[in-house]
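Below: the structure, in structure tokens.
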Amino acid sequence: MASGGGGCSASERLPPPFPGLEPESEGAAGGSEPEAGDSDTEGEDIFTGAAVVSKHQSPKRTTSLLPINNGSKENGIHEEQDQEPQDLFADATVELSLDNTQNNQKKVPAKTLISLPPQEAPNSSKHQPTYEELEEEEQEDQFDLTVGITDPEKIGDGMNAYVAYKVTTQTSLPLFRSKQFAVKRRFSDFLGLYEKLSEKHSQNGFIVPPPPEKSLIGMTKVKVGKEDSSSAEFLEKRRAALERYLQRIVNHPTMLQDPDVREFLEKEELPRAVGTQTLSGAGLLKMFNKATDAVSKMTIKMNESDIWFEEKLQEVECEEQRLRKLHAVVETLVNHRKELALNTAQFAKSLAMLGSSEDNTALSRALSQLAEVEEKIEQLHQEQANNDFFLLAELLSDYIRLLAIVRAAFDQRMKTWQRWQDAQATLQKKREAEARLLWANKPDKLQQAKDEILEWESRVTQYERDFERISTVVRKEVMRFEKEKSKDFKNHVIKYLETLLYSQQQLAKYWEAFLPEAKAIS
């Protein structure tokens, strides 16, 4: 088509003569083909310089130049003009400083639009939501609020006695009336707070931290027994457990904004919590409801559409089993450490008696000092047993209960899904009933059937939204729970290792101090 176009233009008009060329040199340039080439090149100069050329002519002219490039290359003018389009395409992706600005402005944006944005868009859409969620969770976790539980005090006598704890709060949040305040709370108040929060938030998929478990034996000893070491140990364990429970409550952004939590922390007197006793009617009803829920959960077979929930539930169940095994081992370790402390104390007493009856002065003094060292070691073992319990055993016990609440959140999501499926099945039955009424030609009942269909369609839509909402909440709550769990375990393990290191350093210090006395025995 290039050669044909050149012949047509040569027949209609003659190209202007090139200055400085003689007829002999033109004839030696190659006959008719150079003339066609000359006419094409001259026509190109005319069209590129014209201001009325449309945008659709530029790519056509460019394609017409490509076949000419394979033609005669003996003319120097052809070589320059044939190389110029190649320079345009080669430089278009690198720089924009060329003479033909119109062609560059059309070609360069097309290549940048294809190459750059599609590479950045998927990454931003894929990773940005997770980053925002994590950043939001970090901001939510930074609360300037600290609660402390101190001064357990026995009030009353006999079986009507109870223990009141001083709950102190320090905060700069504008939610509260002052920066520091304190109230008195009994154990049933903590249980009542959990019941209120669980009733409001658990059905929406939130993980409400559970309170410490009841202990009938321990509390009975406190009520009717005298103030001995076992009662003091029980009260200290419960005080620490209540403090951890309340701190987890106020660390949760949703729970902190609940009016019941603020009332619990600020109000001087609370109404008596009902239904918190184990053997009460409400307590027995709760046990029955839990058993019913367990049976119904076994009958529900959910077709999980999101593999994340299925995998995460399996992880939670496996982790709960492993934590139970580890907790049993740590409790055994605590008991062994306490036995070691008792045996060390008996060993110290025996050494002291032996040293007092020894005639050799140096040996008697060495045995007496060894008995003192063993007494110090007995204190170290006792302290380490307490550290084993409060830093490891109690941490594992808390997270065993927390994992049970996490499983309950998954179960609540399953119940919401089952309610949605039941509504869909009911809607299908209503539609089938409407079809039967239409077939039987009963217009008097048809309007009622249509109203019921509209009602159940609205329910299906609402239950579907509820399922989507609780799925979002459970996912976010599990992510937050895992983050808090990692922080808790890190802090407790570091503290536990520091106590072990301190214990070993003290042991080395005691033995190094005693070694010269042992060497001085003659």
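Using N, Cα and C of the backbone, Cβ positions are placed for all residues, glycine too.
Given the structure is predicted, the values throughout are model-derived calculations rather than measurements.
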Given ranges 281-298, 317-334, 425-442, the stretch to which Swiss-Prot attaches the annotation region 'Membrane-binding amphipathic helix': 281-298
Distance [Cα-Cα, Å, rounded] between Ser188 (phosphoserine) and Lys237 (N6-acetyllysine): 16
Chain-internal residues, separated by at least six, CB under 8 A from Lys237 (N6-acetyllysine): Phe389, Glu394
The domain 'PX' (143-272): DSSP-derived helix, strand, coil residue counts: 65 helix, 28 strand, 37 coil
